[in-house]
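These features come from Swiss-Prot:
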- 6-71: region 'Repeat 1' (REGION)
- 84-147: region 'Repeat 2' (REGION)
- 160-341: region 'NBD1' (REGION)
- 207, 208, 209, 210, 211, 212, 213, 214: ATP 1 binding site (BINDING)
- 342-544: region 'Linker' (REGION)
- 392-523: coiled coil (COILED)
- 554-764: region 'NBD2' (REGION)
- 604, 605, 606, 607, 608, 609, 610, 611: ATP 2 binding site (BINDING)
- 765-857: region 'C-terminal' (REGION)
C-alpha cells in the first residue's frame with residue numbers, strides 16, 4: 001500500500017484515527033477508529049452518502065462510541081507507539097483496490113468508507129445493521145461524483161464545487177429573500193440579449209458603486225423564477241461565485257486552479273443551464289497568480305470565447321479601466337452593459353418598491369414624504385456617493401434609529417422615573433433628621449412622590465399598551481408577507497385550491513385587521529412613522545449641514561442675527577447685513593443650490609473688523625469662533641505654492657495627501673472659509689477659485705470633486721485702504737467706492753469679481769466706534785480674570801481715556817489692543833505675581849489727571 005496515493009483528506013482521516021486510538025489508550029488502530037474519524041470528517045461527503053443510503057449519522061456515531069468504550073485500555077509509560085491493526089490495513093488495501101478498479105488515481109475518503117462495508121469486524125457489522133452495504137454505497141458514490149474521477153491529491157474539493165463556492169441567487173428569489181427590483185428594464189433587457197447570443201454571451205455590468213449593478217442580477221433571477229424571460233433562459237439558474245471561499249485554504253500550488261476548474265466543469269456539464277455571476281469581476285485578474293501559475297482570468301478565457309460558459313460580471317468604471325481593459329483578450333470576451341445612476345424620480349420609485357421590506361424588518365412605518373426627502377436630500381447634500389444606494393442608506397438608518405427609540409423607555413417616562421429616584425434619595429437622607437423643617441420637607445416630598453408614582457404608573461401602563469399594539473401590528477405584517485409568498489408558490493405549483501383560499505380568504509382578512517390596527521389613533525408616547533424630519537436629522541449628523549427642521553428659537557435667533565454680530569463687530573452695519581442676509585437665505589432654503597451659500601470680498605484698511613466679522617460669523621453659526629478654515633494668502637505668493645490648495649500633481653511629493661482646501665471641505669462641508677489678505681497671493685490662484693464661486697465645486701489633484709455649496713467664502717483685502725483712511729470721518733464710504741474699485745479692478749480680473757455675491761467696503765473707525773470696542777475688550781479681560789476669581793470693575797473715565805489714547809484712523813482697532821496690554825494687563829500681571837491681587841479681590845480701573853489708575857479694593 002502506497003500512502004502517497006491517498007488524498008490529503010484521506011491522510012487526515014488516517015491521522016485522526018491514530019490520535020483517537022492514542023487518546024483512548026488503545027494499543028492499535030482498528031477499523032472502528034477509521035469509521036469514527038470518517039463520521040466526524042469536515043467536508044460533509046460521508047454525511048451526504050449516509051443520508052443518500054437511508055442511514056442516520058447520529059445513530060451511527062452513538063453506536064461507534066459505545067463500541068469504542070468497550071475496547072480495553074492499556075496505559076504504557078512514555079505514551080508508546082500506536083500501530084495499525086491487520087484489519088485496519090486490510091481496509092486501506094481494499095480502499096486502494098476499489099479506487100483502482102474505478103479508475104481513480106488517488107484513494108479518497110469515500111473509498112475508505114466503501115471498503116469498511118466489506119469489513120468483517122464490528123465496524124462493518126455496525127454499517128450492515130444500519131442498512132449500509134457495499135452496493136448502496138457504490139451507487140451513492142457514483143451519483144454523488146457525477147462521473148468524476150479522483151485524479152488529484154485534493155479530489156474531494158472538486159465534488160459539488162458550485163454548492164461550496166457559489167450562492168444560488170435564483171433559489172433566493174424563489175424563497176422571497178430578495179428585495180423587489182423597480183425599473184432597470186432597459187439594462188435587464190440588454191443583459192438578456194447578450195446572454196441569448198451564440199458566442200461571447202457574457203455581459204459585464206459597468207457602473208459607479210451603489211447604482212444597482214448587483215440589483216440587476218437579482219432582478220434577472222426574479223424574472224427567471226417567474227418565467228418572464230426568453231425560452232432559452234427559462235430553466236437557467238444564476239450562481240454567484242464566492243471568490244473568497246474559492247481562494248481561502250488553497251495552501252498548495254495548483255489547488256486554487258483545481259477548485260476553479262471543478263466549478264467550470266460543473267457549469268459546462270449543465271449544458272447552459274447555469275449562469276455564473278462574478279461580482280467584482282476585476283478580482284479575476286491576478287487571482288491565484290504565483291510563480292509559473294495561471295491566474296483565474298486565463299482559465300476562464302477559452303470557455304468564455306466558445307460560449308460554453310454563461311458568465312455575468314459586475315465591476316466599477318475605474319476598476320474596469322484599470323484591470324479588464326488592460327487585458328484585451330479578456331475584455332473582448334465580455335460585452336459591456338453600462339448602468340447609469342438613476343434620477344431622483346427613479347430613486348423615489350425604487351424606494352417606494354422596497355419600502356415594505358424595510359417596514360417589515362424594522363417594525364416601523366415609512367411615510368411617503370420621508371421617501372421623497374431621502375432621494376432629494378441625499379442627491380443634494382451627499383455628493384461623494386451615488387443614488388439609489390445613499391438614499392436607501394438614509395431610509396435604513398432612520399428606521400433603525402426609530403426602532404431603537406421604540407424599544408427603549410419614552411423620554412417623559414424616563415424623566416419621571418429619575419425624579420422619583422431623586423425624591424426617594426432625599427427622603428432617605430431627611431428621615432435621619434429630627435428638626436421641624438425636615439419633618440415638613442418629608443411631608444411635602446411624600447405627597448409629591450405619591451403624585452409622581454401615580455403618573456409614572458399610568459404612563460407606564462399606557463406605554464406597555466402602545467408597545468403591545470405595535471407588536472401585534474408587526475405580527476400581522478409578518479403573517480401577510482408569509483401569506484403572499486405562499487400565494488406565489490401556490491400559483492406557480494398550480495395549486496388552485498390553496499391559491500384561492502389565500503387570495504380571497506386569508507390575505508384580505510389579514511389586510512383588514514392590519515388597516516384597523518393602523519387606523520387607530522396613535523398620538524401617544526411612541527412614534528412609529530419615519531417622517532421627512534427624521535431623514536433630515538440623519539443627513540445633518542452625517543454631513544454636519546444643519547438641514548433638519550429649525551426650532552422656533554433658531555428662527556428667532558436668525559431674525560436678530562445682525563444684533564448678535566454687532567456685539568463683536570462695531571461700526572460695520574452694511575457688512576453685517578450682507579452676511580446675515582446670505583445666512584438667512586441658506587437656512588430658509590431659497591438660495592441658488594449650485595453656488596456657495598455666500599461669497600464676499602471685504603475691502604478696507606487694517607484693523608477695522610474684516611477678519612473679526614468672519615470669526616463672529618463662525619461663532620454665531622457653530623458656537624465656536626475658531627470654526628473657520630483660514631487660509632493666509634501670503635503663503636501662496638509663488639506660483640508653485642498654488643498646488644497645495646488642491647494637492648500636488650502626480651509624480652510630486654505629497655500627491656497622496658490631498659489639498660489643504662479640498663480635504664478640509666470634504667471632511668467638513670458646512671463651514672466658513674476665510675482667504676485672508678487675498679491680494680498678496682499669486683494671480684493664478686484666482687483661476688481655480690472661478691469654479692468654486694460659480695458652480696460651487698472644485699476637482700482636486702486625484703480627480704475627486706469637492707462640493708463647496710454649503711460653505712460661506714470670505715476674501716479680505718487691503719486694496720484701496722489709503723483712500724478709505726484719508727476719507728473724512730462722517731463721509732459715507734460708498735461715495736469713494738468707484739475710486740476703491742479702480743484699485744480692485746487693477747488686481748482682480750472681471751470674471752473673478754463678477755462671480756462674487758457682494759463686494760463690501762469697511763469704513764475707517766470713528767471715535768465712538770473705538771469707545772464701544774474698548775468696552776468689548778475690557779469685558780473680554782473681565783471674563784479672563786473672573787476665571788481666576790478676580791473681579792474687574794471699570795468706569796466711563798477709563799473707557800474715555802483708552803478710546804482717546806488708542807484712536808488712530810490709519811491703524812483701526814489694533815493699537816487699542818496694544819494699549820490695553822501696556823496700560824492694564826502689564827500692571828495686573830505684576831500685581832498678581834507680587835501677591836497684591838489674590839482670589840476674591842476686586843480690581844478697579846479709572847482715569848484721573850490724564851492717567852490710568854489700576855487700584856485694588
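Using the three backbone atoms N, Cα and C, a Cβ is placed for every residue, glycine included.
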Enter the number of other CB atoms within 10 angstroms of the CB of residue 211 (ATP 1 binding site).
-> 22
What mean pLDDT does the predicted model reach across the region 'NBD2' (554-764)?
-> 81
Of these binding-site residues, 213, 610, which scores lowest on Cβ atoms within 10 Å?
-> 213
DSSP output for residue 611 (ATP 2 binding site) maps to helix
Other than 207, 208, 209, 210, 211, 212, 213, 214, which residues of the chain come within 8 Å of the ATP 1 site, judged by Cβ distance to the Cβ centroid of those residues?
-> 215, 316, 339, 341, 386, 389
Write down the Cα-Cα distance for residue 214 (ATP 1 binding site) and residue 609 (ATP 2 binding site), rounded and given in Å.
-> 56
Please classify the secondary structure at residue 211 (ATP 1 binding site) using three-state DSSP.
-> coil
Cα-Cα distance linking residue 604 (ATP 2 binding site) and residue 209 (ATP 1 binding site), given in Å to the nearest integer = 48
How many other Cβ atoms sit within 10 Å of the Cβ of residue 608 (ATP 2 binding site)?
-> 30
Candidate nearest residue 211 (ATP 1 binding site) in space, where candidates are the binding-site residues 604, 605, 606, 607, 611 and distance is Cα-Cα = 611
Distant-in-sequence Cβ neighbours of residue 208 (ATP 1 binding site), under 8 Å, six or more positions away | 316, 317, 341, 386
Measure from the CA atom of residue 610 (ATP 2 binding site) to the CA atom of residue 212 (ATP 1 binding site) and give the result in Å, rounded to a whole number.
-> 49
